[in-house]
Amino acid sequence: MNIHEYQGKDILRKFGVTVPKGIVAYSADEAKQAAEQLFAETGSSVVVVKAQIHAGGRGKAGGVKLAKSPEEAFEIARQMIGMTLITHQTGPEGKVVSRLLIEEGMGIEKEFYVGITLDRATSRNVLMVSTEGGMEIETVAEETPEKLLKIQIDPLFGMQGFQAREAAFFLGLEGEQFRNAVNFITALYKAYTSIDASVAEINPLVVTSEGKVIALDAKINFDDNALYRHKEYMELRDTSEEDPFEVEASKSNLNYVRLDGNVGCMVNGAGLAMGTMDIIQLAGGKPANFLDVGGTASPQTVEEGFKIILSDKNVRAILVNIFGGIVRCDRVAGGIMEAAKKMDLHLPVIVRLEGTNASIAQQMLDESGLSLIAAKGLRDAAQKVQEALA
């Protein structure tokens, strides 16, 4: 689960991570009031008006601007709220700005990058720091890897003090700035582990002219599988920032990702789903979605899966690819038949069922009287999809 910058900063503040003073605003009037309050409380000469969307690259797209007065903050907010912000992470459709973060300005002396995430190759959390603050960390890793330090964290011991100090040394900090950076990194790691985050990224981390180490921006992503342990954070979810198809799928515990093709896919198991999309592509088609109905697919989940696939008007054919291990193919076949009858399917539906009770399932489909196309293997299924689209 992704959350907004201001929400992430509110969480980090509770763990002792230093963040600027800021106030969220939902209108130009609220932005003006927030600016007046920040000017009065901080003595800053400027405030920063920041669009709140679930995407990076906001500054280059005009989503981060400075205001030297409450009136200027009002005018910027008036133009920004309701605008569609297009960045390299939003795609060409962009995201509509519905809220802003009004934040105190900072006298920036240095900019760095600090992030913590899970390294799946080593099954360990990794602390990453870079002297290239404000840059995409993927670009830094590819073009100037010598400017990026990765520190593997032993899950048995957690991050140790010497590792936080190693990171601060790498950034070239000394004296009070060094001590502040060590404390910052330690607090960030505590927050990351305590809330079961999948990503805690500060970009940029800045050192101010007063020597303070502050998170100028913050990205916090939660591990969905651990959210049941943090129900207080579930209310932070902003479904308006998510694809409506994916939101609907999550209500039925379906793992769905919308793509831009025309072949709807319904598969059980993430690995098989990715393999299915690959072979559709190899056969000349384009998958319209990733849809994993899970290892215990039932007639109900199959029916819900069809509803979600068919809600995408770009879909011109559907491929159902089920391997029956725990799940019984005859139960899935029952779900396919029920869905086909209820929804009056007019699109070609190619079905490949293998595994437990596959022969029974095949017989059920053959005798159903429905125009379902049976496939004998994955390659045959992909070929039949292409024939149906021709």
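Keep in mind that glycine also has a Cβ here, set from the backbone N, Cα and C atoms.
Within the same chain, residues at least six positions away from E111 (ATP binding site) with a Cβ under 8 Å of its Cβ are G133, G134, P204, L205, V206, L216. According to Swiss-Prot, the feature ATP binding site maps to K50, G57, R58, G59, E103, M106, E111.
The Mg(2+) binding site annotation in Swiss-Prot covers N203, D217. Secondary structure from DSSP puts N203 (Mg(2+) binding site) in a beta strand. Within the same chain, residues at least six positions away from N203 (Mg(2+) binding site) with a Cβ under 8 Å of its Cβ are Y113, V114, G115, G133, G134, M135, I137, D217, K219.
N268 (substrate binding site) falls outside any helix or strand according to DSSP and counts as coil. Residue density at N268 (substrate binding site): 26 other Cβ atoms are found within 10 A of its Cβ, drawing on all protein chains shown. Per Swiss-Prot, the feature substrate binding site maps to N268, G325, I326, V327; the stated evidence is sequence analysis.
Residues annotated as domain 'ATP-grasp' in Swiss-Prot, with sequence analysis given as evidence: 9-248.
Residues near G57 (ATP binding site) in space but far in sequence (CB under 8 A, at least 6 apart, same chain), listed by position: T87, H88, Q89. Across all of the domain 'ATP-grasp' (9-248), the predicted model scores a mean pLDDT of 94. The binding-site residues examined here are M106, I326, V327; by Cβ neighbour count within 10 Å, the least packed of them is I326.
In the structure shown, the C-beta of K50 has more C-beta neighbours within 10 angstroms than that of any other entry among the binding-site residues K50, R58.
Closest to G59 (ATP binding site) in space, going by CA atoms and restricting to the binding-site residues N268, G325, I326, V327, is N268.
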